[in-house]
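Visitor: Copying in the features that Swiss-Prot gives for the protein in this structure:
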type: MOD_RES; residues: 25; note: phosphoserine
type: REGION; residues: 33-227; note: region 'Disordered'
type: COMPBIAS; residues: 70-80; note: compositional bias 'Basic and acidic residues'
type: COMPBIAS; residues: 89-114; note: compositional bias 'Basic and acidic residues'
type: CROSSLNK; residues: 102; note: SUMO2 cross-link
type: COMPBIAS; residues: 122-162; note: compositional bias 'Basic and acidic residues'
type: MOD_RES; residues: 140; note: N6-acetyllysine
type: COMPBIAS; residues: 164-182; note: compositional bias 'Gly residues'
type: MOD_RES; residues: 165; note: omega-N-methylarginine
type: COMPBIAS; residues: 183-199; note: compositional bias 'Basic and acidic residues'
type: MOD_RES; residues: 188; note: omega-N-methylarginine
type: MOD_RES; residues: 208; note: phosphoserine
type: MOD_RES; residues: 211; note: N6-acetyllysine
type: CROSSLNK; residues: 211; note: SUMO2 cross-link
type: CROSSLNK; residues: 228; note: SUMO2 cross-link
type: MOD_RES; residues: 234; note: phosphoserine
type: REGION; residues: 242-288; note: region 'Disordered'
type: COMPBIAS; residues: 242-256; note: compositional bias 'Polar residues'
type: COMPBIAS; residues: 261-274; note: compositional bias 'Basic and acidic residues'
type: CROSSLNK; residues: 280; note: SUMO2 cross-link
type: REGION; residues: 327-407; note: region 'Disordered'
type: COMPBIAS; residues: 327-341; note: compositional bias 'Basic and acidic residues'
type: MOD_RES; residues: 329; note: phosphoserine
type: COMPBIAS; residues: 362-371; note: compositional bias 'Gly residues'
type: MOD_RES; residues: 363; note: omega-N-methylarginine
type: MOD_RES; residues: 366; note: omega-N-methylarginine
type: MOD_RES; residues: 391; note: phosphoserine
type: MOD_RES; residues: 393; note: phosphoserine
């Protein structure tokens, strides 16, 4: 409406959070410093009107300087310590009027643990200086460690594929990119292990030409023992040890009987004899097939059977015995009695007296041929015709004349 005053208005500013008192100082410390300054000014010249006007002018200049400091303060200014020339402005900021800071809604900002107060209420930054980042060392070539624990074999850097996009002809960049650092670049290269699982090839033997040898130091993990262990486990070594032990026992018995001066020559002669016998036994034994079979037959256990001789242990009372044979008549009579027992006929059976003849059981013709050339239905045949057919003999199958139509 025209003539109506607008109650509120707004404007666009560059920093909308400019008036939120975003500083790190404690407002209570600022108030305390302002009170101390007032007391000092009041003690110097007891309150005239000139002193009051001077105090008000100083407070106004201090508030203006504090507003400018709050607007221009940034994150870099907080991290870096201020030069001593700015300390004068900080003192002026601390002498703000207490009425402006007692408004409601102002957030109390506490000091951080790395800051301390001096006696006059000034904040001191005691944060440790940050050390600069480490530099990567590209000049020093990586050395690989050999078995002996010394870095003796140098592997050239060119042989290793450089990770990332830009490599020497490898990766995405190709030759044109050169030594450029790409995504996932790592100057250390791929880690090469001394041993690979399931193979006897070590990483440095491929480049240095050294031959791989198993770990046989006699101690530690994944150890295959020493060369002396194999000699001690061989049967020849065990046999020698047994012979040496026996010779030592014999030597000890001889030394008890003989004086001390004669101990060594007796032991030496016995050892020499044992060595000569061992040399003779070591050669392979050769024999013929017959000799080998003879040795096998000696070792084989012979099986002996207790075989009874004929008529051995026979009783004399059975010498006159003979075999009894049944007569044929008795066998035939026995068979007839068995048949009569199973197939017994009654007395009034007349089946044996009847004669049974099987005639032609085919159906008779239902009609004959008509007299006028047509096929007519004949009458019923006479009863006498059946007797004629039954009395007629069957044709001979083997006679070709009986079947003239087939001829």
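The backbone N, Cα and C atoms fix where each Cβ goes, and this holds for glycine too.
So that I understand the layout, could you describe where these features sit and how close they are to other parts?
Guide: Taken residue by residue with DSSP, residue 25 (phosphoserine) is part of neither helix nor strand, so it is coil. Summarising the environment of residue 25 (phosphoserine), the number of other Cβ atoms within 10 Å of its Cβ, over all protein chains shown, is 19.
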Visitor: Would you count the other C-beta atoms found within 10 angstroms of the C-beta of residue 393 (phosphoserine) for me?
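Guide: Neighbour count, Cβ to Cβ under the 10 Å cut-off: 5.
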Visitor: How long is the line from the C-alpha of residue 393 (phosphoserine) to the C-alpha of residue 25 (phosphoserine), rounded to the nearest angstrom?
Guide: 153
